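Marked as substrate binding site by Swiss-Prot on the basis of experimental evidence: Asp17, Ser71, Asn85, Asp93. Look at Swiss-Prot and you will find Asn85, Ser142, Ala160, Thr165, Lys166, Arg180, Arg183 tagged as acetyl-CoA binding site. Swiss-Prot lists Asn85 with the feature site 'Transition state stabilizer', giving a curator's inference as the kind of evidence. Summarising the annotation, Swiss-Prot assigns active site, proton donor/acceptor to His115.
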Amino acid sequence: MNMPMTERIRAGKLFTDMCEGLPEKRLRGKTLMYEFNHSHPSEVEKRESLIKEMFATVGENAWVEPPVYFSYGSNIHIGRNFYANFNLTIVDDYTVTIGDNVLIAPNVTLSVTGHPVHHELRKNGEMYSFPITIGNNVWIGSHVVINPGVTIGDNSVIGAGSIVTKDIPPNVVAAGVPCRVIREINDRDKHYYFKDYKVESSV
C-alpha cells in the first residue's frame, strides 16, 4: 500500500505536494497571507487577528511585520512575545516551532524543505522536509537562512548573513557560512550591550 503524502513528510521520505488536499491548504494560507500583506498600517486589530488565523498556534504579544511569506502557515507554531521584522519567509511543508521571546531581523528564511542533489531524484519535483525548532530567547540576525532539520538552542544569537546547516547549542553566539559557534554568552554580556557600550540603567 502506498504511504499517504502527509505520512511520507512526517517520516522524512521524499514526497510531492500537488495532491491529497495539499494545494488547497496552501491556497487557504496564501489567501490569508495576501490579506495580511496588503492590510493598511493603521489596521492593527485586523493584523493581530490575521496573525492568529494564519499560523497553527500563536502566543500572547506576537507580532509580524508585513510582508511575510510562507507555504501553508498551518505548520508554524509561535510562542509568546515574538517579533519578526519584514520579509520573513518560512517554507513550512512540515513543522516549524518558534519559542518564547524570539526576535527575528529582516529578510530571514526558515526552510524545512530541500530537494535531492541528483537530478533524476527531483525530476518530478520530489522533495523532503525535516522540522525546524527555534528555542526560547533566541535572536536571529538579518539575512539568515536556516536549513531543514535545524534546532537552535535557548538564548542563542545567530549573526547576520549566516547559513545554518547544523544544530546550534544554547547560550552561544554563532555566525558564518556555514554557521558555527563563535563564543559562549557570558556575564560580561549582561553589562555590555554592544562592543564597549556599557548598560547604565534599564530602559
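Note that the numbers count up from 1, one per residue, in the order the chain is shown.
In case you wondered, yes, glycine gets a Cβ from its N, Cα and C as well.
Taking the features listed in Swiss-Prot, we show where each one sits on the structure.
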residue: Asp17; record: substrate binding site; contacts (Cβ under 8 Å, 6+ apart): Met5, Pro23, Arg26, Asp93, Gly125, Met127
residue: Ser71; record: substrate binding site; contacts (Cβ under 8 Å, 6+ apart): Arg26, Gly29, Ile90, Val91, Asp92, Asp93, Thr113
residue: Asn85; record: substrate binding site; contacts (Cβ under 8 Å, 6+ apart): Glu65, Ile104, Ala105, Pro106, Val108, Ser142
residue: His115; record: active site, proton donor/acceptor; contacts (Cβ under 8 Å, 6+ apart): Leu121, Arg122, Gly125, Glu126, Met127, Tyr128
residue: Ala160; record: acetyl-CoA binding site; contacts (Cβ under 8 Å, 6+ apart): Ala105, Gly141, Ser142, His143, Val144, Ala175
residue: Lys166; record: acetyl-CoA binding site; contacts (Cβ under 8 Å, 6+ apart): Val150, Pro178, Cys179
residue: Arg180; record: acetyl-CoA binding site; contacts (Cβ under 8 Å, 6+ apart): Ala174
residue: Arg183; record: acetyl-CoA binding site; contacts (Cβ under 8 Å, 6+ apart): Val172, Val173
- Message: Under 8 Å between C-beta atoms and at least six apart in sequence, can you list the same-chain neighbours of Thr165 (acetyl-CoA binding site), or say none if there are none?
- Response: Asn147, Val150, Pro178, Cys179
- Tell me, if you would, which residue among Asp93, Ser142 (binding-site residues) has the fewest other CB atoms within 10 Å in the structure shown? Ser142
- Where Ser71 (substrate binding site) sits in the secondary structure, as DSSP reduces it to three classes: coil
- Query: At its widest, how many Å does the recorded acetyl-CoA site span between Cα atoms of Asn85, Ser142, Ala160, Thr165, Lys166, Arg180, Arg183?
  - Reply: 26
